[in-house]
Amino acid sequence: MNWDDESDDRIVAAAADGEDTAVEAALRPKDLGEFVGQEKVRQQLDLVLKAARQRGATADHVLLSGAPGLGKTTLSMIIAAEMGAPIRITSGPAIQHAGDLAAILSSLQEGEVLFLDEIHRMSRPAEEMLYMAMEDFRVDVIVGKGPGATAIPLELPPFTLVGATTRAGLLPPPLRDRFGFTGHMEFYAPAELERVVHRSAGLLDVEIDTAGAAEIAGRSRGTPRIANRLLRRVRDYAQVKADGVITREVAATALQVYEVDARGLDRLDRAVLEALLKLFGGGPVGLSTLAVAVGEERETVEEVAEPFLVREGLLARTPRGRIATPAAWAHLGLVPPQQGGGGTSGQQGLFGA
Ligand SMILES: Nc1ncnc2c1ncn2[C@@H]1O[C@H](COP(=O)(O)OP(=O)(O)OP(=O)(O)O)[C@@H](O)[C@H]1O
């Protein structure tokens, strides 16, 4: 299986796949009240937007940073809705020339929200044009080439730029400084994801009990997009194999079918952990050796599997190589060699609690 494009294959991928895109529109919270969690960002944004509304002004530019699937697009739509403004959605990779950006900026209406996803992936010239547009609501359109080229200034209506990035650290400081408000989106707590699951189940018209929602939430890697995707797969299972109602047992059995374990690890994550524990006694082992052992590319192990394993405190990256933590041994039901001698005994169900 090719894991390189995360979104293609993994049920626990944080990036959107084709089916997500279609369903997500229906599941998006429409206002700040419906938006679950992210209390700090929500409160701060609420103030920014209320104040702008009271002044009858366009809201300040907003930068949202955080991992994929945490609700940056959703929040940008909510900002537009709260301001009663239309929204235009585009992304950094789609703006490769300054002219692309000039065309978008010059067609904005007054007060419009421009959502620029993956803003860190814009081209340099476009980025420089954006500086002036954000600060002075003006761009210089260059006409002609070489010594005869002239800059024609173009006034823009006031607008709100909402930039989204997974890598705030990659933004050049002049761009970062031009945002009036920066909100950092955190991974969601299980109780918050439970609320997301309940809300989505209601919208999808699926019956689910509290324990069923908790089971899905616990396997969703802190990410609402994954919670919604797992819910849809569990709904399929409940419909085909059970009476349509999602209970803890139905959710756990369904997700076992999809190889998502109690902590949200999938087959690749577990293969990496198992190799680290069973073949290398918990490490330290070099990344390349570990990748060969699981039959994957180095980059796949490093970029696709490891970030979540590190975040979960199951694996650590050290200068001497990768090492497993005591929690990794416990999660796979294995005994560390120093304590138990065998290292691979006592394996229990990987899908257990
Ligand atoms: N706080 C939330 N409450 C309820 N649902 C949410 C919340 N955040 C996100 N979702 C749901 O998760 C899905 C993904 O959210 P969204 O597209 O906004 O994420 P994103 O951060 O923009 O992802 P990407 O960076 O990949 O574009 C949507 O279906 C949305 O409804």
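Every residue gets a Cβ built from N, Cα and C, even glycine.
Some features that TrEMBL has for this protein:
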| type | residues | note |
| --- | --- | --- |
| BINDING | Leu27, Arg28, Gly69, Lys72, Thr73, Thr74, Glu135, Asp136, Phe137, Arg178, Tyr188, Arg225 | ATP binding site |
| BINDING | Thr73 | Mg(2+) binding site |
| BINDING | Arg298, Arg317, Arg322 | DNA binding site |
| DOMAIN | 58-191 | domain 'AAA+ ATPase' |
| REGION | 8-188 | region 'Large ATPase domain (RuvB-L)' |
| REGION | 189-259 | region 'Small ATPAse domain (RuvB-S)' |
| REGION | 262-353 | region 'Head domain (RuvB-H)' |
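Here the features listed in TrEMBL are painted onto the structure.
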residue : record           : Cβ within 10 Å
Leu27   : ATP binding site : 19
Gly69   : ATP binding site : 28
Thr73   : ATP binding site : 21
Glu135  : ATP binding site : 12
Phe137  : ATP binding site : 16
Tyr188  : ATP binding site : 25
Arg298  : DNA binding site : 14
Arg317  : DNA binding site : 14
Arg322  : DNA binding site : 25
Non-site residues, in chain order, whose CB comes within 8 A of the mean position of the CB atoms of Arg298, Arg317, Arg322 at DNA: Gly286, Leu287, Leu290, Val301, Glu302, Glu306, Gly321
Tyr188 (ATP binding site) versus binding-site residues Arg298, Arg317, Arg322 - nearest by Cα: Arg317
Minimum Cα separation from Arg317 (DNA binding site), reported as the residue among binding-site residues Gly69, Thr73, Glu135 that achieves it: Gly69
Glu135 (ATP binding site) to Arg322 (DNA binding site) - Cα separation in whole Å: 46
Residues of the domain 'AAA+ ATPase' (58-191) by DSSP state, where helix covers H, G and I: 52 helix, 36 strand, 46 coil
Residues among the binding-site residues Leu27, Gly69, Thr73, Phe137, Arg298 that border ligand 1 - Cβ under 6 angstroms, in sequence order: Leu27, Gly69, Thr73
Between Arg298 (DNA binding site) and Leu27 (ATP binding site): CA-CA distance (Å): 36
Shortest C-alpha distance to Arg322 (DNA binding site) - which of the binding-site residues Gly69, Thr73, Phe137: Gly69
Residues in the region 'Head domain (RuvB-H)' (262-353) grouped by DSSP into helix, strand and remaining coil: 45 helix, 9 strand, 38 coil
Pairwise C-alpha maximum, in angstrom, for the residues (Arg298, Arg317, Arg322) that bind DNA according to the record: 14
